[in-house]
Every structure is written in structure tokens, then in C-alpha cells.
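For reference, TrEMBL has these:
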- A:12-33: transmembrane segment (TRANSMEM)
- A:64-81: transmembrane segment (TRANSMEM)
- A:93-115: transmembrane segment (TRANSMEM)
- A:135-160: transmembrane segment (TRANSMEM)
- A:172-190: transmembrane segment (TRANSMEM)
- A:221-244: transmembrane segment (TRANSMEM)
- A:256-275: transmembrane segment (TRANSMEM)
- A:295-323: compositional bias 'Basic and acidic residues' (COMPBIAS)
- A:295-337: region 'Disordered' (REGION)
Amino acid sequence: MSLLDLLALDFMQRAMLAALLTGLAAPAIGTFLVQRRLALLGDGIGHVAVTGVALGLLTGTSPTWTAVVVAILGAVAIEVIREQGHTNGDVALALLFYGGLAGGVLVTGLAGQGAASLQAYLFGSVTSISGADVWFTLGLAVVVLAVTLGLLPQLFAVASDPDFAQVAGVRVRAYNLLVAVLAAVTVTVAMRTVGLLLVSALMVVPVAASQQLARSFRATIVGAMAVGGGAAVAGLLISAALSLLPSRPTVAPGPAIVLLALAMFAATWPLGVWLRHRRRVLAPFAAEEPVRHEPADIHPHQHGDDCGHPAVQHGDHVDYVHDGHRHAPHGEHYDEH
Amino acid sequence: MLNVLGTPVVEADRVTVAIAGRPVLRGVDVTIREGEFVALLGANGSGKSTLVRALTGLRPLTSGRVRLFGTPLHDFREHARIGFVPQRATAAGGVPASVREVVASGRLTRRTPLRPASRADRRAVQDALELVGLADRAHEGVSTLSGGQQQRVLIARALAGDPELFFLDEPTAGVDLPNQQALAGALRTLSERGATVVLVAHELGPMEPLVDRAVVMRDGRVAYDGAPLSLDAVHGHHHPFETTHDHAPHVGSPLDRLEGGR
């Protein structure tokens, strides 16, 4: 069977649609988490959701629904603990990480199921996505996208400066809870494609990649959604393609998606470093007169547009930055500025 | 202007605030009238920032009452009339944001959720950027600006909502002199337009000529309330104060000095 044959299959098409929506929704909400410096919140929720999945396996109800409920409860608990400030945010997260994971494994054991049945939820599994799951994913992802993009100005204000937002009449607590609930929903949406243990990566890594190049919040969130959507679809295809190899390996889509997103970060990071360096080097000097007229030492080099030395605006002229000196053309010679 | 007969804009009546059981403000009575430019001065820990947080509703009162524009704080909903510049070292967060985006969030007091920004909203943001002299940096990332420029961004954000009453919590802390002068210029324009300004500061620097009333806090109480004291009146001799930029509270809390400092 070729990759094209595989793509023609119903379950593969369903999976692609689910992956695309997940890849768009997760970074959209992740941008606000990164802005609030809560990048690992998604991971905490993911661990709590493991218990939800296990409860579903134990009670025979759909693990997706129990995971949604438990993830939302966990997210609200994290938000409340964080807001009350009784425990440091990171310690509160850690408590839920370990409680959720241990509870999940324990309850799965009680349900008489081994680690294998959890595996599909921990790392994602394309083949396990049913038609109903896709509708579920589609609905939730659309809700997450509509709310995050629709309320972007409010969410941005709350995430960047809660005190200011509060005085401006924005209901900070309500919006923070909204972000927590949306993050929980996103985690469960992404559970089937990337898996609970890697879902946070899809919320954070595309943002990290996007913010290397972006200068505005809007550009960051749009770029992150592009990276996330692209990585999710391409990662899914890679894992499908790998399963066609003669040795028939089973590569879960989650790791492929996350590694692809990381590769995009690795690609944008040097570019971001270079852009930031360039911006810093070329930032104009304060438009102040030099302390005194001081001609540069004997200077055989002719500065110009393409001479290789950064030309930096200084008042009404440019200074050429040259081995720690600032050389400004002055008649036949250069001045030290 | 010192406005003895003007309409009260901020009324604090025996305001007491306790943080984690420790009283930080004790029985503070302050009335600020329309158009006044009030400097809240005092040493670290004197309660001046806490007072501003109590007046803006960020800090619950243990007892006492606050009224803004005649309305009890609890029932006050006209958020657009207030511009707040919180005490922050930076305007940047974990994700890049452009100067314009940060300033635009100040317009939220006048915007309805889920509606796009109107032309009036965009013009207000542009005007605010021009007033603080950062219109040419609108598209740059906030984090690439200097600390003083970032403070100007935060002031522009408060300006964008066209408020009548400004609370500024130490906007000049750690800001170099040229940026302090730019800040003072923006505040002068505001004050001339009739806005009421409540400014928390350690040291007034270039803002000094703007201040027409000083409220000096000490240990959670109002220690002095009246016309700003000139340097000579406090020290009895001249201090070359333009060159001092440390945080020792000399101009900030003259009475502390008179009584032997902190």
C-alpha cells in the first residue's frame, strides 16, 4: 500500500482534519499561556487528564468526555491555587502533574487494563480516531479558536498586565478562568492526535518558533497557528509514511508532530538571533554632538554602502562602526564620534 | 492648580488597609479635586503605592470608604474615566507585543467585546502615541525599547482611553533624565487639558513644577498634605538635586529628613 492509498482511507482523512484543527487551536491558546509565563500549564492539565481517561476506562464511559471534565476541574484548580497565591505557581503545577499521572495509572490498573490502553491517549493514535471523535474535535477546536481570536484584545490585556486590566474594568478573574478552561478543552482535543504527554509541546513550541521572527502579539499568534497546523498535518503524514516501511514500525503521530515543530523552532531560532543582533547593531545612536573634534588615525579603508561595516544613523549623518570605533566621514578624513 | 472649591474626584474617608494582618494604611483621609496635580510622596513602605491600589480597587479596604467621582468604589463602573499606570519595570511580557498593541489595550475601557476597533479607537491610540512622542516606534516590539520609553508606552496606554483622572504609580523609577522630561511633558499637556493627576513618586525631578499639592505618607498615615515644599524650605540650604538619582527619599519625603531620615 502506498502513502496515496493510505491518504484515501477514511480514518486517515479524519485524522488529518483532527490534526489540523488541533494544530491551529493549541498554539492559539498557548500564546496566552506563554505571555503569562505559564508555558507548562498545558502539561499540568495533560497529566491531570490522564486520570480522566482512566476513569473513563474504569467506568466504561467515553474516555474523551471524562477527560474533558477532569481536565477542566484540574485547570480551574490550578488557576485558583495560583491566584490565591498559597503555593508558588510552579509547585501547584507540580502537585497536579504527579497526582494526575499517578492517579491515572492507578485507576487504569483498577480497571483491569494495562499500560497499553493508556498508550493511545498518552502519545496519540491516528487509528483510534472515530468519526464521532472528529466531530467532537472539530466542534471544540472551533470554539477555542473563536473565543481566543474574538476576545484577543481582552485576553491580551489580562495576560500582559492584570492590574491594568482590572482597573480598566476587564474581569480579570473570569478571563483567567476562561483561559484555563480553554486550555483544558484544547488538551483533550489534542489528546487523540499528539497525546496527553506531548500536548503541551504543541501549545508552546509553535509559539517559541513564531516569536523568533514576530514583533507583534498578533503576528506571533498567527505565526504560531501556522507552525502548529503545519507541524500537525506533516507530522501525521510522516508517522503514516513510516508505518509503510518494510519493517512495519508503529510510530505514534505525537512524537513526529512535536519533533517537526521543534525542527521549525530550530530553523527560526538562528534567524531570530541574527535579526535581533542586526536590529541592535543598527539602532541609531543618540543624536548628540561628539565631545570634541577628533580625526581617526590613518585610515586607508574607504567606508561606503557595501564596505561591511554597519552604518548607524547618528543625528543627521551615519557613523560606521569599525572595531569598536564610530567613524563619521568628515571632508577628506574620518572623525571619531 | 490647587482647587479648594472644585468637585471632589477622589474621596478617601478613613481608609484602612491591612495586608496579611498587618495594617499598611491607617485612617487615611484624602480628598482630591478636579484638575489637581497631586504628588503622593513617601519612603519605601510608607503606603503610597498601597493607597493608589486601594483607590483604584486593586486592594480591598479593611475599613473606611472610597468614592470616585462621587460614586462609592464598589459601585463604580465608569472605568473609562480612570487611567492607571501601574508600577512595572517593563511593558513586555513572555510574547512579543508591538508598542501599538500595548497602547491599544488602554482603549478597552471604551470598547465592546467582540467588536472590532472603531476609527475613533484607532485615532485615540495614535493621539496617545504622539503625545508621549513614540508614534514613530508604534510597530516596534515593546521589549526593544529602553526602560524609560517603556514607561512612556504605559502612560500612552492609560491615555488611550481618554480618562479624566490619572493614577501613576512611580512612572519615573529607574528612568533616565531625558525620558523623565518626556514624561513630564506628556503630563503637563494632560494637566493643561484639565485632567486630574495622582502621581506616586520617590523623587519628582522634572515633574516638580507641575505639582500643585503634595501628600506625604509616612508609616501608613498622611504626614503632610498641602502645597509642595520647596527644597530650601525642607533642607535650609541648596542641594544640587538634578544630579542625584538614587532612591534615598530626600525630595520624596521631606519630613522623614527633618526628623532624622529612615
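Cβ atoms are placed via backbone N, Cα and C, with glycine included.
Note: TrEMBL annotation is automatic and uncurated.
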Proximity of the transmembrane segment (A:135-160) to the transmembrane segment (A:172-190), 3+ C-beta pairs under 8 angstroms: yes
Which residues of the same chain, at least 6 past either end of the compositional bias 'Basic and acidic residues' (A:295-323), have a Cβ under 8 Å from a Cβ in it? 281-285, 287-289, 329-330, 333-337
By a Cβ-Cβ criterion of under 8 Å, what residues six or more beyond either terminus of the transmembrane segment (A:256-275) are in contact with it? 19, 23, 124, 193-194, 198, 201-202, 205-206, 208-213, 227-228, 230-232, 234-236, 238-239, 242
Quick test of the contact rule: Cβ under 8 Å, at least six residues beyond the ends. What residues does that give for the transmembrane segment (A:172-190)? 21-22, 25-26, 29, 32-33, 36, 41-42, 45-46, 49, 52, 64, 67-68, 71-72, 74-76, 78-79, 83, 137, 140-141, 143-144, 147-148, 151, 154-155, 158-159, 162, 165-166, 196, 199-200, 202-203
I'd like the per-state residue tally for the compositional bias 'Basic and acidic residues' (A:295-323) from DSSP, helix first, then strand, then coil. 0 helix, 11 strand, 18 coil
For the transmembrane segment (A:93-115), sequence-distant contacts whose Cβ falls under 8 Å of one of its Cβ atoms, 6 or more beyond its ends: 40-41, 43-45, 47-55, 57-58, 74, 77-78, 87
